[in-house]
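Peer 1: Annotations per TrEMBL:
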type     : residues                                                                               : note
ACT_SITE : GLU46                                                                                  : active site, proton donor
BINDING  : ALA148, TRP164, THR190, ASP194, GLY289, GLY290, THR291, PHE292, ALA293, ALA294, SER295 : NADP(+) binding site
BINDING  : SER162, ARG178, LEU198, ARG201, GLU287                                                 : substrate binding site
DOMAIN   : 1-116                                                                                  : domain 'CMP/dCMP-type deaminase'
Amino acid sequence: MRAALSLGRRGLGRVWPNPAVGCVIVKAGRVMGRGWTQPGGRPHAEAVALAQAGDAARGSTAYVTLEPCAHHGKTPPCARALISAGVARVVTALDDPDARVAGRGHAMLRAAGIDVVTGVCEEAARADQIGFLTRVTQGRPMLTLKLAMSLDGRIATASGESQWITGSQARRAVHAARLNHDAVLVGGGTARADDPQLTVRDLGARHQPVRIIAARRLDLPKAGKLAASAGSDLWLLHAEDAPEGRRRAWQEAGARLVQVPLSGGRLDPGALMQELGARGLTRVFCEGGGTFAASLLQLGLVDRLMLFTAGKAIGAEGQPGLGALGLSALADAPQFVLRDVRALGGDTLSLWDRA
């Protein structure tokens with residue numbers, strides 16, 4: 001199962017709206033087939049592994065990281081494919097909460113006389129599938145918030161200079177994180193101040209995440225890097241009051257526009273995330289800025305925190321890493337549990353999961 005989990009991770013950021021699943025087929029102690037969900041979500045992991053195994057799948061054990069699907073979509077059910085191939089035993093890590101499956105895959109296998117074992121490496125599988133599980137159960141993608149700050153929690157000097165607070169190893173880790181998310185999200189303030197590309201560079205990436213900017217009135221630089229590449233999966237989240245001329249200009253440049261309702265004079269973060277979930281996204285990587293990040297934290301929308309800390313101090317006059325959270329009691333502060341910490345050159349990276 002650990003091998004199947006490792007295979008499944010190859011699909012992270014590449015297979016939305018489907019889950020990134022891994023499958024290993026074993027017979028007489030030998031691996032007969034391996035597969036993982038392919039880019040775009042098809043073919044499914046089981047189909048790839050069964051095709052590789054061929055006739056050797058008969059009488060084998062299939063290790064699958066998520067309950068095999070039981071519904072007819074663009075492809076036949078994977079549970080039916082396992083039955084037809086003559087697999088004798090199926091071991092899964094996690095039940096699929098999707099209403100179209102939700103136990104039906106396991107039931108179909110058992111009804112065909114296949115021995116089914118569930119819950120193997122469940123905790124690891126749940127961590128891998130957090131994006132898919134969050135979208136199915138809450139209607140929104142999982143959100144990872146990235147913050148790169150000085151020792152005293154600043155993301156820029158008073159003048160706005162922020163490149164670069166962290167070193168090259170930390171920046172490379174950011175690109176790797178972008179690669180295993182479906183989309184990269186920033187607020188309009190960050191887009192105006194930094195004119196970021198929001199792409200994966202220097203890793204030999206064969207695909208790029210969707211780039212998303214939350215800008216209420218679409219007041220974004222038309223002569224910058226975003227506009228120059230708007231035809232490459234750029235989504236702009238805006239409010240109803242965004243000027244029609246700006247909407248038309250960005251649409252003509254190739255951007256996809258998504259209207260989001262307002263709350264308190266800003267794009268509603270909860271509605272924003274629901275819109276992204278409705279469009280199939282399962283894993284979103286947010287890179288700020290501070291005010292936008294604070295609004296996501298306030299509503300409990302941050303599932304994972306990726307905190308880079310540089311070995312330098314900027315001082316109180318610098319720009320804070322987070323905007324105001326409006327807390328009056330410490331008990332109301334967002335809580336996270338430390339999952340990992342590591343050194344990256346002269347910086348540290350700490351990874352936190354929501355408590």
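Keep in mind that glycine also has a Cβ here, set from the backbone N, Cα and C atoms.
Note that TrEMBL annotation is computational and uncurated.
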Peer 1: Of the residues named as NADP(+) binders, ALA148, TRP164, THR190, ASP194, GLY289, GLY290, THR291, PHE292, ALA293, ALA294, SER295, how far apart in Å are the Cα atoms of the most distant pair?
Peer 2: 25
Peer 1: By the count of other Cβ atoms within 10 Å, pick out the sparsest of the binding-site residues ARG178, ARG201.
Peer 2: ARG201
Peer 1: Of SER162, LEU198, GLU287, which binding-site residues come within 10 Å of ALA293 (NADP(+) binding site), going by C-alpha to C-alpha distance?
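Peer 2: Taking SER162, LEU198, GLU287 one by one, the ones whose Cα falls within 10 Å of ALA293 (NADP(+) binding site) are GLU287.
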Peer 1: Under DSSP, the domain 'CMP/dCMP-type deaminase' (1-116) has how many residues in helix, strand and coil?
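Peer 2: For that range the per-state counts are 41 helix, 23 strand, 52 coil.
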Peer 1: To which of the binding-site residues ALA148, LEU198, ALA293 does the lowest count of other Cβ atoms within 10 Å belong?
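Peer 2: Lowest Cβ count within 10 Å among the binding-site residues (ALA148, LEU198, ALA293) is ALA148.
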Peer 1: Relative to the Cα of ALA148 (NADP(+) binding site), which of the recorded positions GLU46, SER162, ARG178, LEU198 has the closest Cα?
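Peer 2: That would be SER162, the closest of GLU46, SER162, ARG178, LEU198 to ALA148 (NADP(+) binding site).
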Peer 1: From the Cα of ARG178 (substrate binding site) across to the Cα of SER295 (NADP(+) binding site), what is the distance in angstrom?
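Peer 2: Spelling it out, the Cα of SER295 (NADP(+) binding site) and the Cα of ARG178 (substrate binding site) are 21 Å apart.
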Peer 1: At the Cα level, what's the spacing in Å between SER162 (substrate binding site) and GLY289 (NADP(+) binding site), rounded?
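Peer 2: Distance (Cα to Cα, whole Å): 12 Å.
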Peer 1: If one measures from the C-alpha of GLU287 (substrate binding site) to the C-alpha of THR190 (NADP(+) binding site), what distance in angstrom results, rounded to a whole number?
Peer 2: 9
Peer 1: Including all protein chains shown, what's the count of other C-beta atoms within 10 A of the C-beta of GLU287 (substrate binding site)?
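Peer 2: For GLU287 (substrate binding site), the count of other Cβ atoms within 10 Å is 23.
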Peer 1: Measure the Cβ-based neighbour count of THR291 (NADP(+) binding site), defined as the other Cβ atoms within 10 Å of its Cβ.
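Peer 2: Summing over all protein chains shown, THR291 (NADP(+) binding site) has 16 other Cβ atoms within 10 Å.
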Peer 1: Sort out for me which one of GLU46, GLY289 has the most neighbouring CB atoms within 10 A, since those are the recorded positions we care about.
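Peer 2: Top count of Cβ atoms within 10 Å goes to GLU46.
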Peer 1: Measuring CA to CA, name the entry from the binding-site residues ARG178, THR190, GLY289, THR291 that ends up nearest the residue listed as 'active site, proton donor'.
Peer 2: ARG178
Peer 1: In Å, how long is the longest CA to CA span across SER162, ARG178, LEU198, ARG201, GLU287, which the record gives as the substrate binders?
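Peer 2: Overall maximum Cα spacing for these binding residues reaches 19 Å.
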Peer 1: In which DSSP state, out of helix, strand and coil, do we find ALA148 (NADP(+) binding site)?
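Peer 2: It is in a strand.
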